[in-house]
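Per Swiss-Prot, the features are:
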{"type": "SIGNAL", "residues": "1-18", "note": "signal peptide"}
{"type": "MOD_RES", "residues": "Gln19", "note": "pyrrolidone carboxylic acid"}
{"type": "COILED", "residues": "67-506", "note": "coiled coil"}
{"type": "REGION", "residues": "270-307", "note": "region 'Disordered'"}
{"type": "COMPBIAS", "residues": "277-288", "note": "compositional bias 'Polar residues'"}
{"type": "DISULFID", "residues": "Cys310-Cys341", "note": "disulfide bond"}
{"type": "COMPBIAS", "residues": "381-398", "note": "compositional bias 'Low complexity'"}
{"type": "REGION", "residues": "381-510", "note": "region 'Disordered'"}
{"type": "COMPBIAS", "residues": "435-449", "note": "compositional bias 'Low complexity'"}
{"type": "COMPBIAS", "residues": "450-459", "note": "compositional bias 'Polar residues'"}
{"type": "DOMAIN", "residues": "498-739", "note": "domain 'Fibrinogen C-terminal'"}
{"type": "BINDING", "residues": "Asp666, Asp668, Trp670, Glu672", "note": "Ca(2+) binding site"}
{"type": "DISULFID", "residues": "Cys674-Cys687", "note": "disulfide bond"}
Amino acid sequence: MIPVTILCVLLCLNLAWAQDGKTTFEKEGGGGRGPRILENMHESSCKYEKNWPICVDDDWGTKCPSCCRMQGIIDDTDQNYSQRIDNIRQQLADSQNKYKTSNRVIVETINILKPGLEGAQQLDENYGHVSTELRRRIVTLKQRVATQVNRIKALQNSIQEQVVEMKRLEVDIDIKIRACKGSCARSFDYQVDKEGYDNIQKHLTQASSIDMHPDFQTTTLSTLKMRPLKDSNVPEHFKLKPSPEMQAMSAFNNIKQMQVVLERPETDHVAEARGDSSPSHTGKLITSSHRRESPSLVDKTSSASSVHRCTRTVTKKVISGPDGPREEIVEKMVSSDGSDCSHLQGGREGSTYHFSGTGDFHKLDRLLPDLESFFTHDSVSTSSRHSIGSSTSSHVTGAGSSHLGTGGKDKFTDLGEEEEDDFGGLQPSGFAAGSASHSKTVLTSSSSSFNKGGSTFETKSLKTRETSEQLGGVQHDQSAEDTPDFKARSFRPAAMSTRRSYNGKDCDDIRQKHTSGAKSGIFKIKPEGSNKVLSVYCDQETTLGGWLLIQQRMDGSVNFNRTWQDYRRGFGSVDGKGQGELWLGNENIHLLTQNDTLLRVELEDWDGNAAYAEYIVQVGTEAEGYALTVSSYEGTAGDALVAGWLEEGSEYTSHAQMQFSTFDRDQDHWEESCAEVYGGGWWYNSCQAANLNGIYYPGGHYDPRYNVPYEIENGVVWIPFRASDYSLKVVRMKIRPLETL
């Protein structure tokens, strides 16, 4: 038993030694890892074996994959990549075919569009030439019309003179026939038809009163200018360049983009010189000098000059009635600035009075109260459109003498009337005594005739200019002779020009004082508290006249979803016939409604039904948010501004005392922005019962579900008149002063 055990131990030790040491086979390289050598019987089955075990270092000898398995894996991967490459090649081929197809379609499209684009370009050029030629012909026609109108006027004057001559001849014949009675062989009973001549004269007067100078004669035609649109200033390396194939197919190299500009020339206006500013369009400039001779006698005195003109307008109208033509005469007498000229009533016609002197300006109101506003230290220059001659006035104070610049003297040598009167010994009672001076004024008498439109214009002018530096204690009696007789007669067209260029404070002032104020149209006004002259549309045909258009919507051509500054300044425009869309501007509306003002809202739906609403309104300042004060509703449209929308509650929809809101300045009472949601600036509450500045929807009814981005009734609405989903066709807002009603 023991030997067997010893034998087993020795055998184990031998095996362990053999395991630790390398054999000769391994030393010769036979121990390297590699594919197992398989018998022929296993070659056919290795391709189909799928569940190969995982090979690790410990199991390399029994589980290592054979070369057959590795070759299969390589073949599968190669086949996969080959399929991918074939797929990519197929997609490239398809894209190339599509590219060729798209190029062919582009070429066909270009060939179709190119003739049309070239034809359109030619039409644009022809349109520019035709419009230029048309404008030239219109200007020629206007000149011919003006020539024909002058010929018609000359013929009217000739016919009138012939009628007068015929009447005179008939009267002479009647006198001779009457003188022949008793001494002639025959006698005739001849009577002059005086009534017939009077009717002819009235008809001629009525014909001459027709205005044959239409409005377009006084306006300058706009000029249509077409010029090529300049290319952008972007550098070339930032621009996308087409491929060489597409460059050959470019059809727009010869097509030029044209910019069409309609230039409207600015209308000339008469500038009024004030202070140290230089006058424009003037024929005479009157300046003043300030000197102090003696501090003890004439301290705080100065001399200034001003021109005050009063115009008397006599309008004759011939009205045909059942009893025959009858004549109406309307006489007005106002100054160019709208002040009272009643103190000049009863003056002698054909004279111009020049008053000169120095002293405290406030003392002049004893003689001429209206002149106080003219004698100010800040206003030392005035302008006049008359063509005036020149004269020199001499002034003597004490032992010295001085000569001041040129004054003005009207000369009418063709009338044969010219005289000079010396008023040096006169001193108005309003000046204090203390220093002596001598002044010389020129009184020029004139007479001429001017008739336009059947109306005769007579002018009375009060001109004051500096003729002495001091006016002191010249002793004279205090009788009525100290005040000269203010009488003048003038038919010069300058008076008419002054009236035509009159800038009123509102349309009601224009209606009363402007020559063409009785007609609706574009006029220039200067609101109280503003130095800016506005061009506004005045409606003189609606009840009482004097309505100033501040808002209008009629075709949706103007976007009313504007900023606060846009609504402050105003936007849009209307033509001379009142066509167009505009917002006059919150600042201008505030200036025009500082006093109680009547607001008239006119509405029209798409069926032609009209309604109106009138209120008494005031609009606050910008610091107050242009708050709307509104009351006293009258009309047929329903009270939307004060009462609001009764179904939603007046406290939420009334616009009274509300501030103006725009999408960039939210001043409403809603937690969100009403102006942003409803698409326009307005006096929102929470939010509205009326909004005349909303989105303009043609056709009337609209579905708010399709409104983007807010599905809400945001049209031009006046809910008491039409439903909230009905957008009105025409809306207008007009104002006029309440005090003139």
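The first residue you see is number 1, and the count goes up from there.
Any Cβ shown, glycine's included, is placed from N, Cα and C.
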Spatial neighbours of Asp668 (Ca(2+) binding site), counting only the disulfide-bonded residues Cys310, Cys674, Cys687 and Cα distances within 10 Å: Cys674, Cys687
Candidates Cys310, Cys674, Cys687 (disulfide-bonded residues) with Cα within 10 Å of Asp666 (Ca(2+) binding site): Cys674
Residue from Cys310, Trp670, Glu672 whose C-alpha is spatially nearest that of Cys687 (disulfide bond), among the recorded positions: Trp670
Additional residues around Ca(2+), ordered along the sequence, whose Cβ is within 8 Å of the centroid of Asp666, Asp668, Trp670, Glu672: Ser661, His669, Glu671, Ser673, Cys674, Ala675, Glu676, Val677, Tyr684, Ser686, Cys687
Number of other Cβ atoms within 10 Å of the Cβ of Trp670 (Ca(2+) binding site) across all protein chains: 16
Minimum Cα separation from Cys310 (disulfide bond), reported as the residue among recorded positions Trp670, Glu672, Cys674 that achieves it: Cys674
Collapsed DSSP category at Cys310 (disulfide bond): strand
Mean of pLDDT values spanning the domain 'Fibrinogen C-terminal' (498-739): 90
Packing count at Cys687 (disulfide bond) (other Cβ atoms within 10 Å of its Cβ): 24
Helix, strand or coil at Cys674 (disulfide bond) [DSSP, three-state]: helix
